[in-house]
Amino acid sequence: MSISDDISPVPPAPVSEPNAGQDAGQDAAPAHMAARAEALRDQLNYHSHRYYVLDDAEISDAEYDALFRELQDIEAEWPSLRTPDSPTHRVGDTVVAALETQAHTLRMYSLDNAFSAEEWDGFIQRMLRAEPDAPTAFWCDPKMDGLALEVIYENGVFTTALTRGDGEKGEIVTTAMRTVRNLPLRLHGEGPHPARLEVRGEVVITRAEFDALNAARRGAGEKLFANPRNAAAGSVRQLDASVTAGRPLRFLAYGVGQVVWPAETSDGAASAAQGPEARWATHGQVMAALADYGFGTPPDARRCETPAQVMAYYEDLGRRRSELPFDIDGVVAKLDDLSAQAALGYTARAPRWAIALKFPAHQATTRLEHIAIQVGRTGVLTPVAELAPVAVGGVTVSRATLHNEDEIRAKDLRVGDMVVVQRAGDVIPEVVRPLVDQRPASGLPEFEFPAECPVCHTPVRREPGEAAWRCVNVGCPAVVRQSIIHFVSKAGLDIQGVGRRWVELLVDRGKVTSPADLFGLDKQTLLAFERMGPKLAENFIAAFDTARTGATLNRLICALGIRHVGEQTARTLAAHFADLDALGAAQAETLQQLPDIGPEVAASIRAFFANEGNRALLERLRGVGLWPVRPVRPEADAAGAPGEGSGPLAGLRVLFTGSLTTLTRSDAERRAVAAGANILGSVSKKLDLLVVGDKPGSKLDKATKLGIRVLREQEFLDLLEGRGGDVPEDGDGAPGNEDEAPEVSADVPAAPEVLADAPAAISADASSGVAPGVSGGPDRADMTDRTVRTDSVDAPAMPRKKDQHSLL
């Protein structure tokens with residue numbers, strides 16, 4: 001099946017035979033050999049384009065290989081003839097030491113999402129309010145589920161490839177992308193080409209090629225990829241380009257970034273204009289030009305003249321999504337008129353002229369075989385459904401979080417039930433409901449939540465008003481393991497290069513039983529581990545030293561994992577207490593005088609410092625020199641200065657709860673602070689505004705009882721952008737009450753394969769202190785198993801009601 005509109009590039013002239021008897025020892029390549037190399041490059045690039053982009057090969061593989069080997073031989077004899085656009089770069093003979101980053105010239109924005117027809121209508125209305133005369137024709141294409149990437153061309157030659165990264169800067173993956181067969185190394189077609197062209201798109205793998213890739217890995221005894229997206233991402237981010245070259249990757253272009261045109265056009269007229277709109281009027285024209293330049297483009301893309309046609313396209317594509325060669329999770333609709341795009345501009349995170357219309361979640365039916373219990377770093381016991389493996393939207397799902405006991409009771413889930421499973425937002429596995437009519441006539445027993453921790457067998461406790469049961473033993477092996485992982489994480493001390501798997505390995509081997517042990521590790525101890533080389537061991541020790549000497553008080557407070565104390569509360573505490581001695585001596589009454597600390601948080605802080613084991617840990621940290629005495633520097637943490645400025649949330653005290661779909665919790669808090677808000681850590685009468693995501697839990701109940709105003713996530717974003725008017729009255733727009741979401745969330749498909757020195761995944765055993773069938777905490781790679789190809793369920797028409805956002 002062709003993956004782009006059929007275009008017919010003019011084939012290069014046939015390659016002539018070389019002259020016999022040429023002296024290969026000359027330093028300078030003879031002119032006729034240089035001409036031959038150029039002809040070979042043109043011929044190979046032409047046939048690669050016909051094969052990989054147009055699916056219309058003109059020569060056999062053997063003929064192509066003969067031309068390719070001939071060019072390799074010429075370049076080996078005369079290296080000066082190897083040009084940047086030579087097809088021989090695609091063999092991937094380069095290894096880079098590490099992936100460096102580079103800033104994008106123009107930011108790569110995210111897209112806002114629409115999950116219902118009403119949200120699509122709301123997007124249109126917001127757009128027309130901002131620009132009443134904007135045309136409403138849209139360019140629509142499938143939302144490819146791959147790795148977003150930017151490829152850069154200077155004077156028609158490919159020079160740089162960057163991952164999307166955080167939108168501001170991305171990782172440089174130029175060497176790997178040179179091996180992607182359908183990516184033009186030199187722009188095709190007649191000029192003039194842009195002097196600089198930034199092309200944006202997705203790196204994808206077809207489902208058929210993904211199945212073949214996993215079959216080969218299975219035969220070789222290698223770990224299987226979870227899904228095509230993870231395979232694509234892991235392949236592009238390889239340090240060894242020869243690995244990338246062996247993967248069936250394709251780059252599909254969906255737009256452009258910066259475009260700089262030559263100073264003069266082909267007819268000699270001066271042209272100082274820059275940007276795509278200097279030569280193209282519509283996005284459709286941009287896509288046609290990219291196809292002419294030699295790029296593959298998303299299949300089934302089209303122009304829709306009205307918003308109603310967009311919805312018809314969305315519903316049609318949803319019904320046919322299983323017929324497409326690639327995984328997709330929705331439709332991207334972009335205003336087709338480029339001048340209207342420029343007039344509408346961007347919000348802080350997304351264009352105002354484009355949106356992603358997401359498909360409803362895939363669903364499937366399977367059996368609930370067991371309910372296992374995970375123990376997290378604060379002792380939370382999280383039930384996890386162990387399922388008979390089932391294909392859901394192209395991924396085999398065998399586990400899904402059940403959040404807490406109340407959710408099990410509310411859904412009446414029982415071991416042995418046939419259940420409906422979905423991937424919310426096509427990503428997060430979720431058990432939707434049991435099929436009660438399929439239970440045996442004799443019935444099934446209700447699930448009994450354990451009365452003791454399955455790891456250390458300490459009695460568990462559930463506090464009034466909370467949804468979670470907790471192990472209260474701070475020495476529980478599972479709690480210790482997860483606490484150390486949190487200690488080194490980005491939310492803790494952010495110890496660079498020391499990831500979750502290394503911590504698990506250190507704990508499992510008994511080398512680390514406390515965060516303080518990390519700072520006593522020496523090179524000899526580290527070198528005893530497989531795949532730990534001298535340089536990596538030195539990097540680890542240097543990272544621990546940097547954390548020990550450079551940690552700020554607020555980071556250490558957060559790293560300690562005090563219950564209810566997150567990043568913002570840690571900043572508040574660090575700004576008011578000189579060191580941990582002063583904080584530990586503070587009485588509850590003193591703590592409650594601080595801006596975001598109520599009785600519950602104050603009691604938790606007091607309980608932490610009263611615990612004998614915690615006091616022993618603090619003394620050990622003091623002994624290794626990890627004892628910051630300075631408050632967080634305002635210039636180093638500007639986001640921590642709450643309540644300042646004149647933004648839309650100026651002076652308001654805000655709290656977030658539930659699972660946010662478009663932002664991380666940290667990003668949401670930073671944006672709220674930038675808008676003038678003060679972030680609180682718990683619900684109290686001091687709170688002005690509660691922002692709720694999915695499964696907001698008991699915080700919503702408390703806020704409702706206290707008459708605190710509530711906003712949905714999208715309403716919060718609208719308010720930040722000046723689109724939402726005033727903060728709504730009490731409870732307006734709040735979703736239905738749900739139990740407190742536990743700290744262990746539903747897991748997503750396995751992360752891309754490890755790129756640098758890192759150990760293989762560590763399985764739980766007796767040495768880890770984790771009971772059989774029980775995890776010492778969430779391993780996001782475990783929730784979704786290996787991918788199998790499956791035909792997806794036809795997507796129904798988008799519902800006409802205002803649904804809560806699914807997790808992405």
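Glycine too: its Cβ is placed from the backbone N, Cα and C atoms.
Copied over from Swiss-Prot, here are the features:
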- 1-30: region 'Disordered' (REGION)
- D61, A62, E63, Y64, D65, S110, L111, D141, R164, E202, K334, K358: NAD(+) binding site (BINDING)
- K143: active site, N6-AMP-lysine intermediate (ACT_SITE)
- C453, C456, C471, C476: Zn(2+) binding site (BINDING)
- 644-733: domain 'BRCT' (DOMAIN)
- 720-808: region 'Disordered' (REGION)
- 727-742: compositional bias 'Acidic residues' (COMPBIAS)
- 779-792: compositional bias 'Basic and acidic residues' (COMPBIAS)
Other CB atoms within 10 A, centred on K334 (NAD(+) binding site): 23
Shell of the Zn(2+) site beyond C453, C456, C471, C476, same chain only (C-beta within 8 angstroms of their C-beta centre): V375, G379, E452, P454, V455, H457, T458, V460, V472, N473, P477, A478, V479
Averaged pLDDT, computed only over the residues in the domain 'BRCT' (644-733): 75
Secondary structure content, the domain 'BRCT' (644-733) (per DSSP, counts of residues): 26 helix, 17 strand, 47 coil
Rounded to the nearest Å - Cα separation of C471 (Zn(2+) binding site) and R164 (NAD(+) binding site): 41
Candidate nearest C476 (Zn(2+) binding site) in space, where candidates are the recorded positions E63, D65, K143, R164, K334 and distance is Cα-Cα: R164
Top Cα neighbour of K334 (NAD(+) binding site) in the set of recorded positions K143, C453, C456: K143
Binding-site residues compared (L111, C453) - the one with the fewest other Cβ atoms within 10 Å: L111
K143, R164 as recorded positions, winner by CB count within 10 A: K143
C456 (Zn(2+) binding site) to D65 (NAD(+) binding site) - Cα separation in whole Å: 62
Candidates C456, C471, C476: member of the binding-site residues with the richest Cβ shell (10 Å): C471
By Cα-Cα distance, the member of binding-site residues E63, D65, L111, R164 nearest K143 (active site, N6-AMP-lysine intermediate): L111
